[in-house]
Amino acid sequence: MSDQYAVIGNPIGHTKSPLIHGLFAEETRQDLSYTAVEGPLEPQGAFAETVRAFIANGGKGMNVTAPFKLQAFAMADERSERAELAGAVNAMKFEGGRIIAENFDGIGLVRDIERNLGLPMAGKRVLMLGAGGAARGALLPFLAAGPAEMVIVNRDVEKAKALAATVGGRGALLACAYRDLETMGRFDLVVNATSASLTGGLPPVPPSVFSPEGAAYELAYGKRLTPFLRLARNAGVRTIADGVGMLVEQAAEAFDWWRGVRPETRTVINRLTVPLD
Ligand code: ATR
């Protein structure tokens, strides 16, 4: 039987992961099967049972998506520093009866920005909107990329401050409120890590933060021109992107971690890209 992998979430019907990993397996000639599993929302403990049953059936690894990233974190035997900081897990590897947990969301985002969009973050001014799970996952890989300055802004400022405090001393990092942005000048990269776009909302970000030569990145994907991306475009920002590249790059990280082979991502990104307009 081929090695078994799966993505677990609820709902899971929309997932692109089986398609992405199927294409990776084909390209790298790896013999594996990758399916989608709808995880149980209740009773408590049912998620962990489902994962353990998958392992008992010979499962080698799983991706984890909403709403199970915290439960996966809790049931892991070992966690990477990235997963620890994110407080969430998006990939698990099952080895010798142990569950090893990772979070590749942030590193996938950095790879997409730096390699695919061609925007190295070193020495740049970076603004991240939001201080929830998505922002937490991105923070450490962002700081590792060496921006000159990184600012986290959130409606609930205390949450942004608490997040900044968890990584204190790793780089020039500041937490602030949206109104403070009015006087902070332009940023080379503005990343929308809020969940606003999922409901068609727009974080109260002033257009003055955008730099025409810079970039605006929307973590959501397949939502076309979200209010955030539209604001950026109207401000003259040259490079605007949604999260399709991040999705494929985090999958490539997991694939490499599981199989020891790095798949090519460009053709898969092209295949999944939904035009913004
Ligand atoms: P996720 O895991 O997607 O990050 P989350 O942990 O629930 O989801 O966090 C949602 C984030 O989006 C928060 O930073 C939230 O801001 P607050 O903490 O101030 O609530 C932010 N958010 C959601 N809707 C928003 C909106 N319309 N404008 C600005 N920020 C918004």
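Heads up, the Cβ atoms here are built off N, Cα and C, so glycines get one too.
Heads up, TrEMBL stuff is auto-annotated, nobody curated it.
Noted in TrEMBL for the protein shown:
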ACT_SITE  Lys69  active site, proton acceptor
BINDING   Thr15, Lys16, Ser17, Thr65, Asn90, Asp105, Tyr221, Gln250  shikimate binding site
BINDING   Glu81, Gly130, Ala131, Gly132, Gly133, Ala134, Leu219, Gly243  NADP(+) binding site
DOMAIN    7-91  domain 'Shikimate dehydrogenase substrate binding N-terminal'
DOMAIN    120-197  domain 'Quinate/shikimate 5-dehydrogenase/glutamyl-tRNA reductase'
DOMAIN    243-271  domain 'SDH C-terminal'
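Among the binding-site residues Lys16, Thr65, Asn90, no residue has its Cβ under 6 Å from any atom of ligand 1. It is 18 Å from the Cα atom of Asn90 (shikimate binding site) to that of Ala131 (NADP(+) binding site). Counting residue by residue with DSSP, the domain 'Quinate/shikimate 5-dehydrogenase/glutamyl-tRNA reductase' (120-197) contains 30 helix, 20 strand, 28 coil. The Cα atom of Thr65 (shikimate binding site) lies nearest to that of Gly133, taking the binding-site residues Gly130, Ala131, Gly133, Leu219, Gly243 as the candidates. Note: Gly130 (NADP(+) binding site) has non-local neighbours Ile152, Val153, Asn154, Asn192, Ala193, Thr194, Ser195, Pro203, i.e. same-chain residues 6+ apart with C-beta under 8 A of its own C-beta.
For Gln250 (shikimate binding site), the nearest neighbour among the listed binding-site residues (Glu81, Ala131, Gly132, Ala134), judged by C-alpha distance, is Ala134. The Cβ neighbour count for Glu81 (NADP(+) binding site), using a 10 Å radius over every protein chain in view, is 10.
Within 8 A of the CB centroid of the shikimate site residues Thr15, Lys16, Ser17, Thr65, Asn90, Asp105, Tyr221, Gln250, the other residues of that chain are Val7, Asn63, Leu247, Ala251. Counting residues per DSSP class in helix, strand and coil order gives 36 helix, 19 strand, 30 coil for the domain 'Shikimate dehydrogenase substrate binding N-terminal' (7-91).
Sequence-distant contacts (6 or more apart, same chain, Cβ under 8 Å) of Leu219 (NADP(+) binding site) comprise Leu109, Ala134, Val191, Asn192, Ala193, Ser197, Asp242, Gly243, Met246.
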